[in-house]
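K.L.:
Residues or ranges marked as domain 'Prepilin peptidase A24 N-terminal' by TrEMBL: 8-91. The feature domain 'Prepilin type IV endopeptidase peptidase' is assigned by TrEMBL to 101-195, 219-326. According to TrEMBL, the transmembrane segment annotation covers 97-115, 149-167, 187-205, 217-234, 241-262, 301-326, 338-360.
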Amino acid sequence: MWPLLALVLGLAVGSFLNVVIHRLPRGESVVFPPSHCPACGHRLSALDLIPVFSWLLLKGRCRYCQAPISPRYPLVEALTGGAFLLVAFRFPPSLEALFAFLFFAFLIALAFIDLDTYELPDGLTYGLLGLGLLYQALGGKLAGGLEAAFRSAGLLALVAGYGGLVLRRGRDAPKEHPVGTHQVHLAALLGAALGGGVGMAAGFFNWALNARLGKPLALPDPLTLGLFPLALFLRSDPLQALLDGLLAAGGVALAGGLYWAVRDRLVPPSPPLGAASPTGEHREEEPVAMGYGDVKLLGALGAWAGLPGALLALFLAALFGALFGLALGQRKIPFGPYLALGGGVAFLYGEALIRAYLAWLGL
Ligand SMILES: [Zn+2]
């Protein structure tokens, strides 16, 4: 009974996710108006809204105007149903299973919105992060969840930092005011050299200083990122130094990202009036520089599945990305859907996969 119940619930949730995927990026309400045909505007009846089956019965066409309906709709429904079914096989009916359903609903919405818009909405990435922390808190593991979230986010923030540095051929990135990737890289360096708390404090101090001074002061990336590997070996335990650096970087990255997410909601993202503002010229570049969508998503995955789970998700995402990339050719595909897929696998089967791998290594 339980798997069947989960499947039906998943199909229904998938139908709702189609609405979320379509409307959320447009800033429209996900509850009103009721579903209608995008071609003819006819309001859809209950008979048109049975997940998967309506689409099959109507042979993929609108009942009222015969316009073709994208196979994406039944696909999202079937995918959500399938994910919920796997959750039911993995967890008995419990609060844990309910959280797992939410986890997959968020991942599927994020994956398809990223496919459509090349963006991972902050509401969903931070929502998933918050739910993951709540999930850990209920198990008495809030501190561990937060640490894993910071380290996972910090890892991808540094990968992005080095990637950007290579793409710019070693030149510094434009500085953001009051907080941006420079503060993240500073936190990583000092975190690795002096401990996670010190690194995070340095990043936040730099941020506060910039806010106070009204200009973006920061150490250049070639310096902070260049010294980071050396800082690891200042400490007796380079692995701990790495974990501390990632912790500090991720903490500042997630906090800075949250600042921009809230700010963009309060202040419309148009350039401020008056050329004297140091922020004006870089305003356009912020979504790229401190966009960090994948960083926030991996942070959220860390909160749910721990640092090993997030590492596995990242590895699987890179693997899937390479395989699908080869299969699909040159078409540009965002990384978010692969991360979501890797995260889903890591959440359900991570421990088993890691245990099997260690056994295979003979550990
Ligand atoms: Zn129609």
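Think of each number as a place in line: the chain as shown, counted from 1.
Any Cβ shown, glycine's included, is placed from N, Cα and C.
Curation plays no part in TrEMBL annotations; they are all automatic predictions.
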K.L.:
Which whole-number mean pLDDT does the model give the domain 'Prepilin type IV endopeptidase peptidase' (101-195)?
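P.N.:
The average pLDDT of the model in the domain 'Prepilin type IV endopeptidase peptidase' (101-195) works out to 96.
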K.L.:
With Cβ-Cβ distances below 8 Å as the criterion, list the same-chain residues six or more beyond the ends of the transmembrane segment (187-205) that contact it, or say none.
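P.N.:
Residues packing against the transmembrane segment (187-205) from afar: 154, 157-158, 161, 224-225, 227-228, 231-232, 234-235, 241-249, 251-252, 255.
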K.L.:
What are the DSSP helix, strand and coil residue counts for the domain 'Prepilin peptidase A24 N-terminal' (8-91)?
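P.N.:
Helix (H, G, I), strand (E, B), coil: 47 helix, 4 strand, 33 coil.
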K.L.:
When secondary structure is assigned with DSSP, how many helix, strand and coil residues does the domain 'Prepilin type IV endopeptidase peptidase' (101-195) contain?
P.N.:
74 helix, 0 strand, 21 coil
K.L.:
For the transmembrane segment (301-326), could you work out the same-chain residues 6 or more beyond its ends whose Cβ comes under 8 Å from its Cβ atoms?
P.N.:
103, 128-129, 132-133, 135-136, 144-153, 155-156, 333, 335, 338-339, 341-343, 345-347, 350, 353-354
